[in-house]
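What Swiss-Prot records for this protein:
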type	residues	note
BINDING	G150, G151, A152, G153, V154, G155, K156, T157	ATP binding site
Amino acid sequence: MATGKIVQVIGAVVDVEFPQDAVPRVYDALEVQNGSERLVLEVQQQLGGGIVRTIAMGSSDGLRRGLDVKDLEHPIEVPVGKATLGRIMNVLGEPVDMKGEIGEEERWAIHRAAPSYEELSNSQELLETGIKVIDLMCPFAKGGKVGLFGGAGVGKTVNMMELIRNIAIEHSGYSVFAGVGERTREGNDFYHEMTDSNVIDKVSLVYGQMNEPPGNRLRVALTGLTMAEKFRDEGRDVLLFVDNIYRYTLAGTEVSALLGRMPSAVGYQPTLAEEMGVLQERITSTKTGSITSVQAVYVPADDLTDPSPATTFAHLDATVVLSRQIASLGIYPAVDPLDSTSRQLDPLVVGQEHYDTARGVQSILQRYQELKDIIAILGMDELSEEDKLVVARARKIQRFLSQPFFVAEVFTGSPGKYVSLKDTIRGFKGIMEGEYDHLPEQAFYMVGSIEEAVEKAKKL
């Protein structure tokens, strides 16, 4: 085991000098004793002359030149398997929940090759989420990749927690949650939410939160993914939740300049597409098992053309776009039904009835969008009878796309609702065909199935 010495420390980036004949490989883990703390460094570049440039997987406070550094001669390895379920771990797989050792039987390196072409499998099976707007407009595929896109404060994390609750309870498989650069409070809330709904023993939690150094945030997604890959390779269907994939990119940006790379567009790292690809290509389903992933994607300044969300788009099967405009109307989940897409929305996959209903809903909402300008200038009275009907139905559809969430009961005061796909299609089809034209639009707001809307109308 070779030993080197620290020669330079710039924030999270540490340069270490080794003997010329024992230079560590790229991605090898190094260990340094920083006072009472053990700090792990990951090799990023070999600079020549025996010097390697590394990223610290923890705070570099207190490091000084001349400290001894050990080469562990392997990449960072984390615990995998059933021992990780119900536990909270950090980027190195160390427990942070005060419940003692993990007690794992196996450890895997966090850098692994993506599955080869012949190992990949293609599934057309739908995953029901119980959230009306998602099941109807952008259905999820089992073993597919889903992105929740939204600016600050439009409900990405709440939507994700609802999805985890619904899918974990209904689907009863294992899940891995990777908290990448998010609020510690949300991580804490999430743990208690899982404990209260009795699914904590089926979830592994890996956190590298906002206050952690960039090295942790850059690698914690890989730690969570490695744990999910182990479950997949045992032949299971796993769910991988990443909140938030944008912070993974951001952590890469933070260390990129310190590693001496020229910034590219908007100051992002030049290797943005490659870093994203390395992560996303591993999140895939094989003939042995599947990984279904749901990723929250923060959209800087609500601009979907920003390089980071734009790079993420290319890798996804379904995109759920959360809109500030819809949130401002008080309609939650604030999913934009005209912007959200899914590869599964194909009559050969979802069936003709589902496809026609979804496209019908979109065309009514699109027409309403076009008529809004006329209404703003001339008022409703100037519209033709046909257009008045379209507007009335569109407003009902818009309200019926809202739904009370289980995880938001504390805020809304109304009990959460899980709506089956069959009921969702029936409800929207009925509104489009004019079966509920006699009901007031308020009856459709924050209800589950269409029967509840009819009941609510009687009380208004």
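Glycine too: its Cβ is placed from the backbone N, Cα and C atoms.
This view paints the features noted in Swiss-Prot onto the structure.
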| residue | record | contacts (Cβ under 8 Å, 6+ apart) |
| --- | --- | --- |
| G150 | ATP binding site | K156, A296, V297, Y298, V299, V321, L322, S323, A334 |
| G151 | ATP binding site | Y298, V299, P300, A301, D302, L322, R324 |
| A152 | ATP binding site | Y298 |
| G153 | ATP binding site | A327 |
| V154 | ATP binding site | L322, S323, R324, A327, A334 |
| G155 | ATP binding site | L322, A327, Y332, P333, A334 |
| T157 | ATP binding site | E182, E186, D243, A296 |
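For the ATP site, the Cβ centre of G150, G151, A152, G153, V154, G155, K156, T157 serves as reference, and the other residues of the chain with Cβ at most 8 Å from it are Y298, L322, A327. If you draw a 10 Å sphere around the CB of K156 (ATP binding site), it holds 26 other CB atoms from the protein chains shown. Under the three-state DSSP scheme, G150 (ATP binding site) falls in the strand class.
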